[in-house]
Amino acid sequence: MPPKAAPKSKQAQKGKTSRPAGKSGKDGDDMTDMGDTDGDDWMNTKTLVKPDDQLDLNDQELKEEFTRILTANNPHAPQNIVRYSFKERQYKQTSHVDQLAIHFALDGNMLHKESDEAKRQMAKLGIPDSGEVAGSEGGETTPAAGGAPAEGEEGKDETSATQGEEAEPAKEGEQREEAGTPGPGTAAKGEKLTNQFNYSERASQTYNNPYRERGTATEPPPRATFASNVTQWEIADAYHEDFEKQEKSKEKKTIPGRKEEEKTRKKLTITETQGDDISRISKATKIVERMVNQNTYDDIAQDFKYYEDPSDEYRDNEGTMLPLWRFSYEKAKKLAVTSLCWNPMYKDLFAASYGSYDFMKQGSGMILFFSLKNPSFAEYIYETDSGVMCLDVHPEHPYMVAIGFYDGSVGVYNVQKKEPVHRCTAKNGKHTDPVWQVRWQKDDLENNHNFYSVSSDGRIVHWTIIKNELLFEDVITLTLPGAAGEGPDGTKVNTVGCGTAFDFHRKNDYLFLVGTEEGKIHQCSKAYSSQFLDTVDAHNMAVYKVRWNPFHPRIYITCSADWTVKIWEVSSKTTADKSETSSVEAQTKKPLFTFDLNNSVGDVAWAPYSSTVFAAVTADGKMFVYDLNINKYEPLCEQMVAQKKKTKLTHVEFNPKDPIIIVGDDRGNVTSLKISPNLRKMPKEKKGAPPMDPKQKEDNEIAKLDKILSMVREPNEDKK
């Protein structure tokens with residue numbers, strides 16, 4: 001440590017030079033006299049130097065705080081250091097990266113004060129021993145080299161002359177101020193003070209952990225020299241022996257049914273582990289999604305529930321269709337909607353099949369289930385390898401869906417499974433042409449599920465599900481009478497008609513109608529497979545849809561590509577009865593009503609609430625709604641539904657409960673519309689009368705339609 005006497009001697013010297021001779025000790029006290037410095041210092045004003053690029057900020061901007069977060073991580077430290085691991089014999093990324101950044105480094109050395117080398121250096125530099133340094137720290141003045149002692153004594157005598165209370169703090173402050181700088185006496189002699197900044201040097205030694213080496217000695221594996229001659233037959237024998245051993249081991253291990261159980265268990269465990277977290281919250285997320293969609297489409301939901309077109313009160317013979325939700329799916333935008341079907345149990349759920357009507361653009365298909373509660377995304381999605389041309393939901397088991405494909409096969413889907421439960425192949429009755437319509441029927445006497453299909457190959461097939469197998473039976477083959485062609489060897493071959501649509505009677509389920517590509521309507525029975533009950537030349541082009549009236553047992557409607565929609569009445573006498581006159585036969589072959597819609601009619605549907613209301617869609621994007629009870633000639637509503645030009649409407653379907661109608665087009669979109677009050681007028685009930693039962697309501701609808709039909713029937717038909 002440097003001696004502290006040097007600052008005191010400087011203080012004494014300063015006191016001697018600053019006080020003039022002949023003044024008293026009190027007047028010459030430099031510790032309390034503030035006037036001994038330059039007199040002009042307090043008159044000089046302090047000027048602030050402002051840089052040129054300094055910003056001009058107001059008080060609010062100056063008080064604004066900007067938070068800076070300092071982290072101990074080095075931003076320039078690499079994060080992808082890879083080192084070779086001898087233990088694992090591969091390169092591995094190091095997890096710990098050194099974040100220390102050295103900004104300044106200075107190499108030096110330190111010696112112990114009591115060592116011989118330190119004593120020699122201190123003696124050479126003239127630094128006093130540690131005893132003298134300790135004495136100076138205790139408050140005693142130690143004489144330094146040269147004239148330092150005399151100056152210290154003189155300063156001591158001068159400072160002892162004043163004993164005032166104000167002198168002591170001033171003295172201590174000046175001593176503190178001058179303690180860090182060497183005195184002039186020491187500077188003159190060239191002494192070097194190592195502790196100029198009141199710095200004490202300390203050193204410590206750290207303990208370095210010794211390295212430990214571990215080693216293991218292993219015995220080399222035993223080696224043996226083997227030599228042999230190899231030929232082709234020896235190799236073949238060795239392979240045969242090994243193959244026989246493998247077969248024997250398989251026979252011992254395999255137990256019938258054990259492998260399948262293990263596979264199913266593995267699949268179940270995989271699916272459980274993957275979907276366990278999602279399945280726990282699937283129901284809650286579905287509810288939240290529906291709530292979000294209800295808020296998003298709140299205005300549409302309010303229109304669906306409460307809005308009734310007020311303009312209907314001022315017009316009697318016109319109605320409107322209010323567009324509601326629009327259902328679409330990204331992967332199905334290039335496909336056409338080939339069929340629509342409402343779920344019989346859940347009235348807000350409907351199924352839509354997707355395929356292509358273009359022969360040159362065939363590919364995959366889709367089946368989508370949409371709900372009115374969630375219009376933004378489909379509830380269930382099923383992708384198929386072939387285009388889906390038709391579907392039908394089972395009326396009693398809504399989880400079962402019958403499907404008809406473009407490749408001629410039919411299948412049955414379970415909503416809970418992604419793959420079809422049943423699907424026919426070429427071995428078990430597959431159609432050779434596209435299947436245009438499928439329809440579920442009541443279970444047979446053995447309670448087996450069954451459905452029917454119609455295809456362009458002229459076959460109407462009855463499919464039955466028995467013990468997880470799909471069995472088929474041809475009901476009838478559509479032949480063209482009088483149009484037999486000649487084969488290569490001169491034999492006559494009956495040409496087959498192309499079935500495009502069919503529909504079963506509501507009450508007499510053995511009776512059904514078939515529409516063909518030649519424009520004919522065949523009345524058939526399940527009991528007769530050789531001939532038709534009746535045939536009508538209904539249209540000039542292909543029949544796209546035929547439907548029985550939901551109330552009247554003898555009325556049905558057809559639509560075709562020849563731009564017309566026709567309403568027919570089934571004759572009580574069939575063509576098989578030869579005793580009937582030709583006039584009656586001719587009468588049955590004329591439609592009751594014919595409507596020209598100026599474009600190809602893709603689909604037609606009866607309304608479930610009235611026997612006189614039906615809707616039809618055309619290829620130019622329009623939808624027509626008729627009510628025969630109000631106007632027998634013009635539609636009550638003719639509205640453009642398609643949003644883009646050249647969009648064809650393919651199918652239409654009424655909701656069985658709500659006043660909603662859905663329309664599909666050839667761009668994969670399904671549009672829902674609300675029917676205005678003028679399009680769903682019901683007969684007014686008498687005040688105080690009990691509500692009508694379904695049977696009475698059905699009788700009223702039949703009577704209403706019969707009243708209209710009596711105006712268009714010919715007199716001889718009425719007599720009959």
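Placement of Cβ uses the backbone N, Cα and C atoms for every residue, glycine included.
The compositional bias 'Low complexity' feature in TrEMBL is assigned to 1-10, 139-150. Sequence annotations record features per position, and here TrEMBL assigns compositional bias 'Acidic residues' to 30-41. Under the heading compositional bias 'Basic and acidic residues', TrEMBL lists 168-179, 242-264, 694-704. The feature compositional bias 'Polar residues' is assigned by TrEMBL to 193-209. The annotation region 'Disordered' is assigned in TrEMBL to 1-46, 115-224, 242-268, 677-704. Taken from TrEMBL, the feature repeat 'WD' applies to 536-578.
Counting only same-chain residues 6+ beyond the ends of the repeat 'WD' (536-578), those with a CB under 8 A from a CB of the stretch are 498, 500-508, 513-521, 523, 584-585, 587-589, 591-606, 608, 611, 614, 616, 618, 698, 701-702, 705-706, 709, 720. Across the repeat 'WD' (536-578), the model assigns an average pLDDT of 82. Broken down by DSSP into helix, strand and coil, the repeat 'WD' (536-578) contains 0 helix, 20 strand, 23 coil.
Helix first, then strand, then coil: DSSP counts for the compositional bias 'Basic and acidic residues' (694-704) stand at 11 helix, 0 strand, 0 coil.
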